[in-house]
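Summarising the annotation, Swiss-Prot assigns Zn(2+) 1 binding site to CYS60, CYS62, CYS75, CYS78 and lists sequence analysis as the type of evidence. Residues annotated as Mg(2+) binding site in Swiss-Prot: ASP449, ASP451, ASP453. The Zn(2+) 2 binding site annotation in Swiss-Prot covers CYS774, CYS848, CYS855, CYS858. Annotation comment: Swiss-Prot describes 1145-1170 as region 'Disordered'.
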Amino acid sequence: MLDLNNFDRIRIGLASPDQIRAWSSGEVKKPETINYRTLKPERDGLFCERIFGPTRDWECHCGKYKRVRYKGVVCDRCGVEVTRSKVRRERLGHIELAAPVSHIWYFKGIPSRMGLLLDMSPRALEKVLYFVSYIVTDPGDTGLIKKQLLTETEYRDCRERYGNAFKASMGAEAIKKLLEEINLEELARELRQELKEVTGQRKIRAIRRLEVVEAFRKSGNRPEWMILEVIPVISPELRPMVQLDGGRFATSDLNDLYRRVINRNNRLKRLLDLGAPDIIVRNEKRMLQEAVDALIDNGRRGRPVTGPGNRPLKSLSDMLKGKQGRFRQNLLGKRVDYSGRSVIVVGPELHLHQCGLPKEMALELFKPFVMKRLVNDGYAHNIKSAKRMVERVRPEVWEVLEEVIKEHPVLLNRAPTLHRLGIQAFEPVLVEGRAIQIHPMVCTAYNADFDGDQMAVHVPLSAEAQAEARLLMLSSNNILNPKDGRPVAIPTQDMVLGIYYLTVEKQGVPGEGKAFKDPEEAVMAYYNNAVSLHAAVKVRMPGMGRIETTVGRIIFNEVIPRELGYYNQVIDKKVLSKIVDDCYRKLGFSATSKLLDGIKKLGFTFATRAGVTIGIQDITIPARKKEILKEAEQQVEKVEQQYRRGLITEEERYRKVIGIWNDATKEVTDALIETLDKFNPVYMMANSGARGNIQQIRQLAGMRGLMADPSGRIIDLPIKANFREGLTVLEYFISTHGARKGLADTALRTADSGYLTRRLVDVAQDVIVREVDCGTGQGIEVTEIKDGNEVIEKLEDRIIGRVALEDVKHPETGEILAFAGEEITESEAAKIVAAGIKKVKIRSVLTCRTRYGVCIKCYGRNLATGRQVDIGEAVGIIAAQSIGEPGTQLTMRTFHTGGVAGDDITQGLPRVEELFEARRPKGQAIIAEADGTVEVREVKGRREIEVTAEDGTKSVYQVPYGARLKVRDGDRVYAGDELTEGSVNPHDLLKIKGVQGVQIYLLQEVQRVYRLQGVDINDKHIEVMIRQMLRKVKVDEPGDTDLLPGGLIDIFEFEDENRRIKNLGGEPATAKPVLLGITKASLATDSFLSAASFQETTRVLTEAAIKGKLDLLLGLKENVIIGKLVPAGTGMSRYRNISVVAESEPGEENGEPGGERLYGMDELYGETAN
């Protein structure tokens, strides 16, 4: 018995007419759908019950047999088999065509597969198929040539001249005959021979033909199967017809298209039986061909067939394509049961691992569990009465619900889910009201706020799902951000402000200078109003002796675990982040979530006690503002005078004025910071990192400064006022440009960023950690990344958590600082940097040799846990999310520096896209192709650079007008160095510097864009993407292999093929590496299911069908599409046989695979957190 749910590969191919007949349950002969009086399907029509099965369970069409007991009986009156009605989703019918027609995908695609096989141009093919010209199928011994086209008149002349000595016909029949005659083996041999003899265009054509011939030869498809004699009719449930209120019917477009085919087919049959004249029959055949084309792919050829309201009908191809198609709408994104959504509000009293679930929502979501419990506990006798109890909401139902949800985690998701922290698991707590409550510290991960955001709840049902939710997805286990390994669950806003207020010191307050024997006494004194929170006091701390601190800091340190020491400083957001990080590294998840809850409680308490509010008088304008502005105005006047006298150019004037005003703005800002009191609420908010920053305070109390106009050019008239004083009309108008641009930018950016993420996910979705060590001896050498003189990424950041390729030795003492094959820890990295080492060789994803993924050693540390990555981790998806999620923070705009030509380099999101798509960059730099010495000279007003290599060969580069040189006369340059300013074309770099050169360039460029915008992403995520872009090679000379010249093939497959040929003693193939953009790389993946669900669905499927492609189901998408567990994480085959055993008694603990106990949350959070 074929098990439909358990298969490990899937193949696609062309169906032969016999195959289609074998699948079919009967022939559809009439175009009728349902009888308008009885509303029952017509016999032999498109919804016929005899072909497709009964419309009602266990009931035949005429009603002779009703009930399950007649299961499998075929009614003798109406011929309907008595069975379940859901077979109407599974059974196919067919239409026997009176004349063969071609399949539009294979005739019309680019390149036309039929045309290549027959060596005909698509135009000639179209003329034959659509009955314009005759084609000679057998010239006999006449002067005609095989496959020659004849017009109507030419055909008549030839008939008169040669009689029946030759055969010529038109339509798909003629093409079918020609396709049947093709001998693939022989054709392949001829083409291979031809390849050796011809060059140029003819060679390219021969390669293309050979590709198609080889595809047919290897897959076992026959060319004549591209011509259809039988058309399958898909199941009626997949093209339903439903009655609307008002007696009208709504139907799927496919039914209309099928009806046209059947009508025309029946008419053609009748004409053939009557022996109608040739011209009428031909017209009918052409119409049949067009009807079938419209059914398969409407609009591909000619004008699409339209329905009411001039709307093109959706054909079979359209059912698969696009966001609303079968792939993306139903297979990759399904709606799920046991889910709900509601508005979110803050739940400050929750623990980190909890969420508040509205009672009525919880009851509905956990209904089946509650019903089962009611029966088990004896409240109800059977499920039916239990259901009634739940629906009537009896009081005992609530008690049972409380028990059911205990220790049963639920998943919360907020759209858009940009990274994996957008779905986390929580333990539900029942709350009154109708809003979901969430813990304030998970807002950062969800990017949620409480201005009306909504969230969705999902219930994991099986024991396995619950265990995974608890161990992998619980919010207290997701404290670190996978993109950079820094804590993401950190205090924000009020909490930060409260802690800052608590730990800040103030002079001249009650109790200053007092001494206490222990911390408890000091806190007691504060509660008895004997000493202020901010007073500097002396306290004897256990194990630390006497220290000077404040009461607030003592209170703060009560929630800090002993192991982290005593924090005697003002605590702002940065410090808090570091405390959380240290706590996690030293003490693990449970201690960190306790700490976070402690900080949350303290923060909110003291933010409330502080009573920090903002009034208009808190915005103090610096007294020096007037004189600073006066000074600046005088300087500007001087510059204007010089310009009027013609001493400086407009450009210089503009630059100077901008410079003057920027300095003035900075001076006002400095003056402002000096005037602000340290306890000024506005200052406290900005300084603690709770909300706002100095730039915003500057606009409130300093001056707004310079603004940009709509093109991005800075207007040289500053806004001198601030918001407290109020803007003049002109100032207000000038500032609207920037505001509008900001909003437009954000809207565009969101969509672009989402699309980039989708492409990234698609290209990397099958990168999974598959083995411990791939055994490669290669790696990359990393240094710090610089932009000019500014360090963008420190060496330390680049090596922490990576595996050293070779021992790192101290340059002076020779001491080994890090061993080869071991992970470099934070402390080792610090030692390496301290020893003055500038370059370190590490293992990298870029050089990993694992076939379908990466290995542990090349990947290194999993940033989300801070430990070594596990086998089965879907690192490709994590990488795509880490790069895509901050995409919305990148700017869209191209910066214009005062309209200077040649300075416009793309930055922000468009630059990231340009790099990942491997496009030719805007403002391309010229690069040296070999090492040598530079000579710059001017020829006829054009500059050119000549590079003389060591061996005396010279290469000359023309410098385009307006380009800036990066080299001077006599400079020494190396291959791949930039000679002019701008961005390098990565494809050129690949030719000159090879794979490693382009890898490092792309990595550094992507990092540069993100770091300049203040976004930290770990190198390894970008490396995963770059590796996917360089997976393929292009075959140059095939040698004795079966490869085709110019074909793209996976590096590993290429090496396998060469190994095979070498072992047989043959000539191996040669190839060059190619760099594919992420879109191309996704479409070039081995899995046709993954490629088809991404873009260009019809093209991918056409090609896959001809090649008879096999999908090994290695990636995640393919498995989601066919409804299997994904082969990553716990879905990997090595983890499949582990089962979760339910606990027999609530008191007993069950061991969990992996050695951790399945802990109850009450142990983690004892009374201390409350």
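Using N, Cα and C of the backbone, Cβ positions are placed for all residues, glycine too.
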Please report how many Å separate the Cα atom of CYS858 (Zn(2+) 2 binding site) from that of CYS62 (Zn(2+) 1 binding site), as a whole number.
69
Cβ-based neighbourhood (8 Å from the centroid) of the Zn(2+) 1 site, residues CYS60, CYS62, CYS75, CYS78 excluded:
GLU49, HIS61, GLY63, LYS64, TYR65, ASP76, ARG77, GLY79, VAL80
Measuring Cα to Cα, how far is CYS75 (Zn(2+) 1 binding site) from ASP453 (Mg(2+) binding site) in Å?
58
Using DSSP and three states only, what is CYS848 (Zn(2+) 2 binding site)?
coil
Other residues near the Mg(2+) site, CB within 8 A of the CB centroid of ASP449, ASP451, ASP453?
ILE344, ALA448, PHE450, GLY452
Inter-residue C-alpha distance, CYS848 (Zn(2+) 2 binding site) and ASP449 (Mg(2+) binding site) (nearest angstrom):
41
Other than CYS774, CYS848, CYS855, CYS858 themselves, what residues in this chain have Cβ atoms within 8 Å of the centroid of the Zn(2+) 2 site's Cβ atoms?
GLU771, ASP773, THR776, ARG843, VAL845, THR847, ARG849, THR850, VAL854, ILE856, LYS857, TYR859
Report, in whole Å, the straight Cα-to-Cα distance of ASP453 (Mg(2+) binding site) from CYS62 (Zn(2+) 1 binding site).
55
If you draw a 10 Å sphere around the Cβ of CYS60 (Zn(2+) 1 binding site), how many other Cβ atoms fall inside it, taking every protein chain shown into account?
24
Inter-residue Cα distance where the pair is ASP453 (Mg(2+) binding site) and CYS60 (Zn(2+) 1 binding site), in Å:
52
If H, G and I count as helix, E and B as strand, and all else as coil, what does DSSP give for ASP453 (Mg(2+) binding site)?
coil
In the structure shown, which of the binding-site residues CYS78, CYS848, CYS855 has the fewest other Cβ atoms within 10 Å?
CYS78
Candidates ASP449, ASP453, CYS855 (binding-site residues) - the one closest to CYS78 (Zn(2+) 1 binding site) by CA:
ASP453
